[in-house]
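Only one structure is covered here, and it is reproduced in the block below.
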Amino acid sequence: MPPDNDPAAQAGNNSSDFVRKLYKMLEDPSYNSVVRWSAEGDSFVVLENEKFTKTILPKHFKHSNFASFVRQLNKYDFHKVRHNEESGDTPYGRDAWEFRHPEFRADRKDNLDNIRRKAPAPRKPAQAEDAFPASQQIVVLSESLAATQHQIQALQEQYFELAQTNKVLVNEVVSLQKMVRAQSQVSSELITHLNNIEDRRRNSRHSAHSSHSSHSGPSYHAANLGLLPDGADEPAAELRRAREILNGVSPDSQADRELERLSVAYHQNGSPSDSASSSIMFPQQQQQQQQQQQQQSSGPMSLVHDPLNDPRHMVYPVGQTTGIDPFHSDHIHNIPYSRPLSNPNVMAESSQISPPSKDQVGSIWGGKKPQILLVEDDKTCARIGSKFLSNVDCVVDTARNGLEAVDKLNHDSERFDLIFMDIIMPQLDGVSATAMIRMVAPRIPIIAMTSNIRQEDIQTYFQFGMNDVLAKPFTRDGMVRILKKHLSYMLKDPQSQGLTSDDANQAVGAPGPGPPAAQGYANAPSGMTIATMASGAQVKFEQTPIQSPATTASWHSPGQMQQTSPNLDSGGYMSAQIGSGPGGMVLTPGGSQRPQYTNQVASHVGTPTLNRMPDGMVGLDDRPEKRQRLYGPSQGQGAYVQ
Amino acid sequence: MVDFGDHVDDATFSQILEMDEDSHDFSMPLVSNFFEQADETFEQMDAAVESKDLSELSKLGHFLKGSSATLGFTKIKDNCQIIQQYGSNLNVDGSAEPDEDVCLRRIKDALAAVKVDKAELEKKMKKFFELEK
């Protein structure tokens, strides 16, 4: 048998060799400051990682690789003792490594043979995880997600800081180089000058013997005038040396070029720095010249590129589905949606000019009349809203506050096709109610009714699972518009009812953005009109008229995000339903449901959300111009309280 | 037709009237209910002014603002807005008004005004529904 050089195999043959070496190493008191037993003698601590790796490891283990030392330890079932770094509870300092094995003790040298190499055990953490309740898994997942996000953010900040520092340093070095160049220029000028003086001095002194000395240089004199080696010759030699040193320094080293490249990259403003630097890579020579010019004129053009303020540099390393909190204010405030108050007059006019008569709108629905829940604490508003809705042939039920609404949904989550939800209500506000309703009815369109149409507020509504906003005071036409948009699948004839393809496009993003639309395409019969095709999410439901969310497993309503809702402390109220109700389907992250959760997150990150933003504001357009006055932006509506 | 002047936003109110099927079977009770509701709210507001409860005033202002706006009763709505704003320690332009006494004084003014508005409008509405009957 050939000698076995594999350390792992060696360890396997002689199980306690490594452990003995380890023990022996710890017996040496001279290592105390680097590696030693802990006070209790039940673990050992590597205090100075670097010293340990460089000096002690080679002596005892014939290598200087700390990582493989740790690997060995792990193979023998040693475990790193973790200290809570957050609380600063690190008795041996931040960089110390403490290892422990239950059998490995300072006072039990006889016990070393009991420490054996672990049998390579098959990993089964996945199964262990499955034993977790599903909800706990979500908690764990979202916690680790949050932790990862924090890490990424911290890394990003660090990266930007480093990049910033690097930029400063490169600029500094470049300016130092310029200074050095100037200095050497000055030096060489001085040397020339001194040479001339020297020459003149010699000429004046020795003009008698050497008339041609002026063009043969100081060396000529030095050689010629052997008489005065210490006096007249010395300065000339120094000058010569100085010149040699100056000439010996080559300003065109590779490092200089790299540096210049960097400096130019930093100064090239307006284009992302990565593309700038990559373009510089290729034509080195040509670029050199440009750089020279740019550097000379770099003063005015150095509007230094600031990566922190450039959203393009917000790199999301783990793809769009994970690693980002889509609701983080950074992203939310970057969503480019314009306030839809641009043409309120047009809207108001059209609603004025043609008030649809009852028979015109009375039968817009196909088979079944939509069942609408109107949640509104104000009697007058509720009556008017109900009237408007029943006027367009909807069956209306009302709830006087969020709690009543949740109660109704809890009782029968499939009864309603759409919910209009006031925001500020006694008992339970509309946003919290939505969050709770989402647990049993993840897909039902929930429309916020509010006079509070500030961008942040609207964002909050969407965030907590609402699908659209109807501005208060609401109008009949505003309500009809919402109905047509979100219940287009129930319309008798979407096109003749004035649901333009524009509207239909908007509708795609509304109740189930992203994936469901794609699903709808797949299911759509070939004869579908473009308008209905476009509203793919709704098309689906023509084939499943019962509209049970449980049977439409692919539906990803934003409402599912309610798991993160802070208002769910009262969620126990609904919890009895979760297991058996249709909501349970969605909340169960096990099995095939899990990927949908991420899909659904993706739909928030992706463009459908962006589409949804302006779309959600459409209802606001419907208000007659006059009523805009008080809420109008000109009066600084941002500060109006709801 | 009675001229409501700047009391009513015609576009909004006519939407309500459109909902009537037989005479004013919908709008008339709605309007008279609103006036009852307004009276109740005014009483509560008076009590809140008495106890200097600004946040209650803000809530009440918001409440009555909602229904008056939905009916198109502009003047009432505007004064409710003022009550709501000052109840939240804010001026009408949205800037902070930390002085509670100032807020309370403004609320008192707005409350007095809104009561007048309501009385005037109620008269006009009565006349309107009488004529239309």
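Placed from the backbone N, Cα and C atoms, the Cβ positions cover glycine too.
Note that TrEMBL annotation is computational and uncurated.
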Among ranges A:138-172, A:418-452, whichever one TrEMBL labels coiled coil | A:138-172
Around the Cβ of A:ASP422 (4-aspartylphosphate), the count of other Cβ atoms that are within 10 Å = 26
Residue counts for the domain 'Response regulatory' (A:371-487) under DSSP, helix then strand then coil, are 54 helix, 24 strand, 39 coil
